[in-house]
Amino acid sequence: MSSSLPYSRKDVHYDNAKFRHRSFFKVITQSFLTSNVRRDCLGCSTGKFLLLLLIFGVSYLMLTHTSPGRVVSHDQAIVNGNSEGDRSNTHDEGRLKKLWRRAPRLPPRLSPDTKGTNNGIGHVPGNQDVRSTWITRQQKVKEAFVHAWSGYKKYAMGYDELMPLSQHGTDGLGGLGATVVDALDTAMIMGIDEVVADAGSWVEEHLSERISKKGQVNLFETTIRVLGGLLSAYHLSGGEKGLNLTHAGPKPAVYLETAKDLADRLLSAFTASPTPIPFSDVILHEKSAHPAPGGLSSTSEVSTLQLEFNYLSSVSGDPKYSLEAMKVLDHIRTLPKIEGLVPIYISPQSGAFSGENIRLGSRGDSYYEYLIKVWLQCGASSSRNTSYLHEMYTEAMKGVRHLLVRKSIPNGLVFVGELPYGSQSDFSPKMDHLVCFLPGTLALGATKGLTKEQAMKNNMLNFEDLENLKLAEDLAKTCFEMYAVTSTGLAPEIAYFHTEEFSDQGLDGGNKSSKYVNDIIIKPADRHNLLRPETVESLFVLYRITEDPKYREWGWQIFEAFEKHTKVGTGGYCSLDDVTSVPPHRRDKMETFFLGETLKYLYLLFGNSSVIPLDKFVFNTEAHPIPISLKK
């Protein structure tokens, strides 16, 4: 006789088809037929008679009793009572049919811990407490924005930036009221109509005059902050079938007309240059342009203008803006590269790259960002062939993985370093905070703005996409640890990583409880924090794409550190001199991007993912959302 199978008693009550419940009758007969009694009883006529009697007895009970598991509503009971007489002739017949009818297969029953989970990552969208927590935290970010704006409005309205400690304004970006325009669409997204009204009225009453009278501005900074901010405000206030998030402020046409006036003057940077590479500086009131001192332009600056100029052509109906801006990328396409990577300087005079310094930090970063974003913006809907942009992006990310990605010791943080003298020279384990844009860009390039689950369901992810997505998550962790490793919980402007070839003792972030205190090196000159947005930008994108709640938690920790160490009681937030010491020494500066980017990304990170969806919008490098669909 074989031994019994290693199942518990409860397994007798299930069969293998979708965990279907067995009937009581089947359980009894199964137990009887598999027991030792079977051989003894069936061996004689008395046993056979008793078996038949048992079967008929159970059948009679099933025919004459209703199922105890059935639940009948009050209305059903009334209907059943009224129709009882009509069914008397067929009642027994129906029960007999039910006896022999095969029961429907039920789906597997989930445990309470499994119900409501999202792809096994532990996120419970239906959990009211979780939703309430993030609504509250999102409100805290909104309050921080109001506090920042209140300081700016009180002490620096109309200036480019607030100096919150000395309580006055400063013009470091050409005097176009950069904070007003940078903050405008953030206020629209947050639904703060009072700020929208203040900022919108200032744009309507003062910005056109400023544009016509001001002198020198930087082409790149003015495009991403002011032009981008105006175009986003135009769309979000209802222009060109926009979202119409607010009824405060002027009509959308005011933003569009101001943007056109500004762009017409900025175009001189393109038309004055002897090559498709624009000059870096523009004299607004003269509509003239000239190169920067030294004659070179930053690669990132000349290649980070296309989203804005493309969208302006789309909504204005004038192709000249897009044509000039896209000439830059068309030209860079023809230049030699090192595995898709490019030097950080380029000459408007010759049109060639200058030097060999390759990095994804300052002067190199947004070149790679705009390759994929411009392709997303117009690749599918424009008659212009932009497939080359995706090819350039794909090649560049391969080059990043091959030439720039390393791991720290002793704990293996993944980071992106630099090649200061080209691919044949020594590798530098230096990583700017600016590089923390890359995790978000990699994730966006992999799924095209869809969630990972949607992209996999649609068979959109190839092996390289998955590799890039994995790198994005690894780099996002590194960027977060650059915050967590310091005494203040805020990241330095630049970090170095401990490797076999590079070590510098005694230059840690100050948080001795961090696992990575020996992996990250922070030099004295690099310890400042400028309220930068790149890490929270990537956390926002990765949360939207992976739906992993850890990115929200990391963002909340960063926000709390900003609140603790950079908030100024009289209004505004300030930069820091040294994130490794507590209390940190403060700098008298609130960058425009704190309102335009950092707080916007945190607000969206903690909110509903249907707001400004990533498959419908691209964010320019100053976090101004621009709709993807363009006119052909």
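Every residue gets a Cβ built from N, Cα and C, even glycine.
Automatic prediction, not curation, is the source of TrEMBL annotations.
Among the features that TrEMBL reports, active site, proton donor is placed at Glu221 (among others). All protein chains considered, the CB of Glu221 (active site, proton donor) has 19 other CB atoms within 10 Å.
Proximity of Asp365 (active site) to non-local residues of its own chain (separation of 6 or more, Cβ distance below 8 Å) is seen for Ser300, Asp432, Leu434, Val435, Phe437, Leu438, given in sequence order. What TrEMBL lists as active site is Asp365 (among others).
Non-local neighbourhood of Glu493 (active site, proton donor): Asp432, His433, Asp526, Arg527, His528, Asn529, Leu530, Arg532, each in the same chain, at least six residues away, with C-beta under 8 Å from its C-beta. Annotation comment: TrEMBL describes Glu493 (among others) as active site, proton donor.
According to TrEMBL, the feature active site maps to Glu534 (among others). Around Glu534 (active site), taking its Cβ as the centre, 24 other Cβ atoms fall within 10 Å, counting all chains.
Cβ environment of Thr621 (Ca(2+) binding site): Ile224, Thr304, Ser366, Glu369, Tyr370, Phe437 lie under 8 Å away, each six or more residues apart in the same chain. Sequence annotations record features per position, and here TrEMBL assigns Ca(2+) binding site to Thr621.
TrEMBL lists Cys436-Cys479 with the feature disulfide bond. For Cys479 (disulfide bond), the Cβ neighbour count at a 10 Å cut-off comes to 29, with all displayed protein chains included.
Per TrEMBL, the feature region 'Disordered' maps to 105-128.
Per TrEMBL, the feature transmembrane segment maps to 41-63.
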Integer Å value for the Cα distance linking Glu534 (active site) with Cys436 (disulfide bond) is 5
Rounded to a whole number of Å, the separation of the Cα atoms of Cys436 (disulfide bond) and Glu221 (active site, proton donor) comes to 19
Rounded to a whole number of Å, the separation of the Cα atoms of Glu221 (active site, proton donor) and Cys479 (disulfide bond) comes to 25
In all the protein chains shown, the tally of other Cβ atoms within 10 Å of the Cβ of Cys436 (disulfide bond) is 29
